[in-house]
């Protein structure tokens with residue numbers, strides 16, 4: 001990471017082994033510190049929530065939601081990626097050497113590029129698993145209750161790691177060389193591997209579209225649930241406990257949706273520069289620092305995700321819900337009172 005122009009190094013000439021003068025590790029150090037600190041805070045909050053849920057569920061089974069199991073796996077993935085990738089960049093700055101020069105046979109460069117592709121894909125697959133879990137829980141509750149368990153959520157992480165490992169190992173099996181990008185602290189898929197580079201970018205793009213589609217379906221289903229609940233207020237009384245449970249369920253689902261939507265938007269924004277970078281021609285006239293910024297945006301997502309979870313605590317989510325739904329709730333109450341009074345007057349006339 002640095003502030004010089006980022007023209008990918010050609011395989012036909014010797015790659016630089018020393019960093020250009022004036023390179024500073026400040027940005028890399030800040031990113032590494034923010035990533036580790038944010039993930040540790042998010043893990044502490046998740047452990048606290050797990051203990052609280054376990055205490056409240058004493059005597060009636062464990063009620064820890066599958067969604068929070070997947071969030072925990074996402075935070076662990078981000079923490080692991082930060083701890084395995086960022087120290088390599090800091091070592092490059094400390095020794096004033098490029099990644100190619102840090103180890104024999106370009107091993108450090110290969111390790112860095114493979115880790116970048118692996119953890120970026122694993123993060124997107126985790127977001128897709130979270131969106132799919134919400135889609136099944138809201139859109140297909142009977143199937144979800146019968147087939148989806150917390151144990152299946154624990155199997156998601158190793159499954160995603162295996163899939164990401166197989167897909168990201170393709171360049172290694174083909175004996176391709178990863179490209180080193182200026183100033184020499186980054187290695188990634190080179191433009192020489194056009195097919196695989198665009199395949200990787202297309203897969204990320206398809207996953208983003210799938211996550212957005214699942215979130216849109218959840219929004220539609222939540223609107224239908226809200227309308228059914230509004231109509232039920234004019235029907236026979238089902239008891240205050242039933243209505244209270246229905247309101248709590250709607251609030252929890254809305255909180256999950258807000259959290260997932262913000263994480264999805266964050267990843268989409270962070271992946272967009274990389275997608276443009278992947279579909280660019282190597283010989284096209286690109287702005288300076290575009291390669292570096294695209295790769296940096298791709299790595300920022302693992303730093304932002306835990307901070308999103310740490311900041312969006314339940315009180316903050318309740319505030320966001322109240323701001324987003326305040327006007328709608330007032331209209332809903334007025335409409336409900338009007339429709340209920342209309343139905344009541346009509347029933348009285350029928351009785352008379």
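Backbone N, Cα and C define each Cβ position, glycine as well.
Where the annotation comes from TrEMBL, it is an automatic prediction and has not been curated.
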TrEMBL annotation (transmembrane segment) - matching range among 67-91, 317-341: 67-91
Long-range environment of the transmembrane segment (111-132) - Cβ separation under 8 angstroms, sequence gap at least 6: 67, 70-71, 73-74, 77-78, 80-81, 84-85, 88-89, 99, 156-157, 160-161, 163-165, 167-169, 171-172, 178-179, 186-189, 200, 203-204, 207-208, 210-211, 214-215, 218, 260, 263-264, 267, 271, 295, 298-299, 301-302, 305
